[in-house]
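*Asks:* As annotated in TrEMBL:
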- 13-133: domain 'MARVEL' (DOMAIN)
- 21-39: transmembrane segment (TRANSMEM)
- 45-65: transmembrane segment (TRANSMEM)
- 77-100: transmembrane segment (TRANSMEM)
- 106-129: transmembrane segment (TRANSMEM)
Amino acid sequence: MPTLKQKPKQRPFCFSVKGHVKILRLVLTVTSMTFFIIAQAPEPYIVITGFEVTIIFFFIVLYTVRLDRLVNCVFWPLLDVINSMVAAVFMIIISMLALIPETTTYIVLGGVFGLAASVFCIADGALIYRKLLFNPSGPYQKTAVHDRF
């Protein structure tokens, strides 16, 4: 009697390393945006960090509810990598612009948290990119040459 192999249980997104990095990225970006709002910083600082918060929250909900498995017409990991790299560039620019003039303490704190968020943007993109390289479509299974024909 053949035994049935059970599928390995996958870890929920919020308990994975990628989930922790993405949630920490969200927290740092929200903190940066809050400091910018309190300091009444220029509007682009607030708007760009607000857009990033919205997009990060969208990806967290997407991966938590497993919608990336249901909507197959979009390659979600590639979009996530592109978003992480673009977000890192924007957050570095905004943070540097906030740190250069040193206007108020809250703007400087927003810039520091923005730089920390950009580091986690790069880490998030690297984690997802590594998954794309090493596991593009599932586990690799070695087959013999004569099995292909």
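For all residues, glycine too, the Cβ spot is worked out from N, Cα and C.
Let's see these features in context: how buried, what's close, how far.
*Replies:* Beyond the ends of the transmembrane segment (21-39), by six or more residues, the same chain brings 14, 45-46, 49-50, 52-53, 56-57, 59-60, 63, 91, 95, 98, 103-107, 109-111, 113-114, 116-117, 120-121, 123-124, 127 to within a C-beta distance below 8 angstroms of the stretch.
Long-range contacts of the transmembrane segment (45-65) within its own chain (CB-CB distance under 8 A, at least 6 residues past either end) are made by residues 12-14, 18-19, 22-23, 25-26, 29-30, 32-33, 36-37, 76, 80, 83, 87, 90-91, 94, 97-98, 107, 110, 114, 117.
Within its own chain, the transmembrane segment (77-100) has Cβ neighbours under 8 Å at 29, 32, 36, 41, 44-45, 48-49, 52, 55-56, 59, 107-108, 110-112, 114-115, 117-118, 121-122, 124-125, 128-129, 131-132, counting only residues six or more beyond its boundaries.
Taking Cβ pairs closer than 8 Å, the transmembrane segment (106-129) reaches residues 17-18, 21-22, 24-25, 28-29, 31-36, 38-39, 41, 45, 49, 52, 77, 80-81, 84-85, 87-88, 91-92, 94-99 in its own chain, all 6 or more past its ends.
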*Asks:* Mean pLDDT for the domain 'MARVEL' (13-133), rounded to an integer?
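*Replies:* The answer is 89, the mean pLDDT of the model over that range.
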